[in-house]
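Now, the feature entries from Swiss-Prot:
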| type | residues | note |
| --- | --- | --- |
| DOMAIN | 22-194 | domain 'EngB-type G' |
| BINDING | 30-37, 57-61, 75-78, 142-145, 173-175 | GTP binding site |
| BINDING | S37, T59 | Mg(2+) binding site |
Amino acid sequence: MVIKNVEFIKSATRPAHYPAGDFPEIAFAGRSNVGKSSLINVLVNRKSLVRTSSTPGRTQLINFFDVNGEFTLVDLPGYGFARVPLAVKKEWGPMMETYLSKRSNLRGVILILDIRRTPVAEDVQMLHWLRAYSVKPIIVVTKCDKVSKNERAKQAAVIAQTIGIQMAELNFFSALSKEGKDQIWQRIEGVLYGAETEAVGAES
């Protein structure tokens, strides 16, 4: 994917405020501090398209970006940060389920996991929603430069078992080395333009 132009469109919290039009959308989801901002910035060749917050999880907004005038990149709010107020945590579930169930031009969701962490309940819930609403997931495991090859293999097995997928469905990524960037774009293009014949992580 050659990135020619990326522009912020708007932020929203409810369907009435989502951008108009029928451009296909690819959304990015993951717990706070999972490396979502770094992944997006590397994929679109920008240093600060998505800024890393000093107070993770406090901003509960869905952010929409136009990419090449061809599709929309959607940055979903992070989840799972312990110090977020309870009221904010309660908003996350309904906001996510509404977007996933009602956004007809949503083609797929990049579910981002940290190679050093066991997936949390919200990760499992997100994957459940994607399956329930027939949204194709692409599982990306970040921060792979922070562990050894042996530790990566062990952690990958734990992650796959926890969320109920095959290890081969994991896409490994490092913001430092850019490992996985091309593979992830191939997966995204497949979902956007129909090359993918079946949902990643679909239950057999």
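All residue numbers here begin at 1 and follow the chain in the order shown.
Just so it is clear, glycine is given a Cβ too, placed from its N, Cα and C backbone atoms.
Mean pLDDT, taken over the domain 'EngB-type G' (22-194), works out to 90 on the 0 to 100 scale. Of all the binding-site residues listed (G30, P77), P77 has the fewest other CB atoms within 10 A of its CB. Remark: L61 (GTP binding site) has S11, A12, T13, P77 as non-local neighbours, by Cβ distance under 8 Å and separation of at least 6 in sequence. Reduced to three states, the DSSP call for K36 (GTP binding site) is helix. Of the listed binding-site residues, namely N33, S37, the sparsest Cβ surroundings within 10 Å are found at N33. Cα distances from S37 (Mg(2+) binding site) to the binding-site residues G30, K143, F173 are smallest for G30.
The Cβ of F173 (GTP binding site) has G35, L39, V140, V141, T142, C144, E179, G180, K181, I184 as same-chain neighbours under 8 Å, each 6 or more residues away in sequence. Neighbour list (K143 (GTP binding site), Cβ cut-off 8 Å, at least 6 residues apart, same chain): G35, D114, I115, R116, S174, A175. Neighbour count (other Cβ atoms within 10 Å of the Cβ, all protein chains): 24 for K36 (GTP binding site).
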